[in-house]
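Feature annotations, reproduced from TrEMBL:
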type	residues	note
DOMAIN	24-268	domain 'PNPLA'
MOTIF	28-33	motif 'GXGXXG'
MOTIF	73-77	motif 'GXSXG'
ACT_SITE	S75	active site, nucleophile
ACT_SITE	D255	active site, proton acceptor
Amino acid sequence: MGPIVPTDSRTPVESIDSTRKLILSLDGGGIRGYFSLLVLQAIMHEVGELLPEGHLLKGTDLRPCEFFDYMAGTSTGGLIAIMLGRLNMTVEEGLEAYATFGDDVFGHPRQAHIRRKKPHRLSRQEKYDARKLRDAVVELVNKHRQDSGEKFVPNGGTHSCRVMVVALRDEIHQDSPYLLRSYEHKENESDEPQDFELNPGVPDDYYIWQVARATSAAPTYFEPMTIKSSRRAESGNESGTGGLREITQTHTFIDGAWGFNNPCCLAYREVTQMHRDRSRDAVGLLVSIGTGFRHNHKVITTRGRNHRAVFKMLIGAAMDYTSKEDAIEREMHALTDGDGGRRAVPWKRFQTPKVPAAQNNTSNARSILRLGRGRGEDSEPVPLGLLKLDDWRPKYLKPRSRNGRITLEFISGRTAEYLDRQEVRDQIREVASQLVKYKLSRSSQPSDTTAE
């Protein structure tokens, strides 16, 4: 592609429509989300290299929220989106937090699950105590916001980067995900046909930690997240006079990974609906980062309890994961390809290669992780996608900083191999070039363009 990138702050910026929106989409994948952060770290490093001398951000700790208008994520991808987009963290801070999060949560399974030969066998309890997940999220928010009571929707309702995370809510049909937003999505009131809008209207009045907990509530791993909230609404009577009354609502959430692990299609449709006056011209770039490709995804049932969302999603999740991924790629190509073969929206997907069906088991991954022993230099590399979402090795070490080092080194090694490919390096440079072009173009305007 070869976009023009200025090398001096006085160099004229290539003419682009800087009002088009830039989207970052992050897959779910448990601890494999570390891969997503490492890929994004490579992108931001390239952005720093391409920024011209004299630019305000040159040589600083770049934050993805300074470049992307929207971030979307499912499950732990949603947690990353919150860290980077709502808490304004750098990628390096995200990597550090993810390692701490991994040990706080995945490093402490319930005792009944520790020695189980078949860890996904039916259990009377989820594998992990949801309170540990809650405490880890609250601590994260406290560290970067000094107040765990901060709402997901910023004060004033505006923020330079808008964040949406995918979950499933108890009364919503299993084929319809629920978007937890940091902004308002005004419902389309025109008579023109539009794509189905996901729960439009005023955003939920939830705390940051509640949203992070809701999107991370993976069935069989964590209990669903139940949130009770209240709001004031106008009420009327027969005399025509109205007043305010308080409405209390209770909803139960699980993560959306069982059907919407890759949220890029949802994110694209959401942004085009948010800026429907521009339709397909609304999006300037969509960057989608996966967490390692698996051939399929087993469906696991859970213990009987009154959580309709759990049952509906687990039943609906009986699908081949590869087919789902392929379908998403076909849909994104259909959405982003313009007339006559012209690409209307630059769409970049970062994902490790597919795992052959013959290799689709966890035994190889376990062998390379167990006690830190590899399988020899001549052995076939274990694909990242074989790593279970909660595989955290070793556990229970002192000092705690040593915990998880084998898992993180494994992910880092596989990611380094992926990033070393020429086609991936070219793709990263192209994405970084686009981000820099938009940043420079917006900086030349009277005020930097946000996700208005």
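Backbone N, Cα and C define each Cβ position, glycine as well.
When DSSP labels each residue, the motif 'GXGXXG' (28-33) comes out as 4 helix, 0 strand, 2 coil, counted as helix, strand and coil in that order. The list of residues near the motif 'GXSXG' (73-77) in space but at least 6 beyond its ends in sequence, with Cβ under 8 angstroms from a Cβ of it, reads 25-31, 33, 36, 163-166, 215-216, 218, 255-257, 260-263, 291, 389. A simple way to gauge crowding: the CB of the residue listed as 'active site, proton acceptor' has 30 other CB atoms within 10 angstroms, across all the protein chains here. Within the motif 'GXSXG' (73-77), the DSSP-based counts of helix, strand and coil residues read 2 helix, 2 strand, 1 coil. Taken together, the residues of the motif 'GXGXXG' (28-33) have an average pLDDT of 93.
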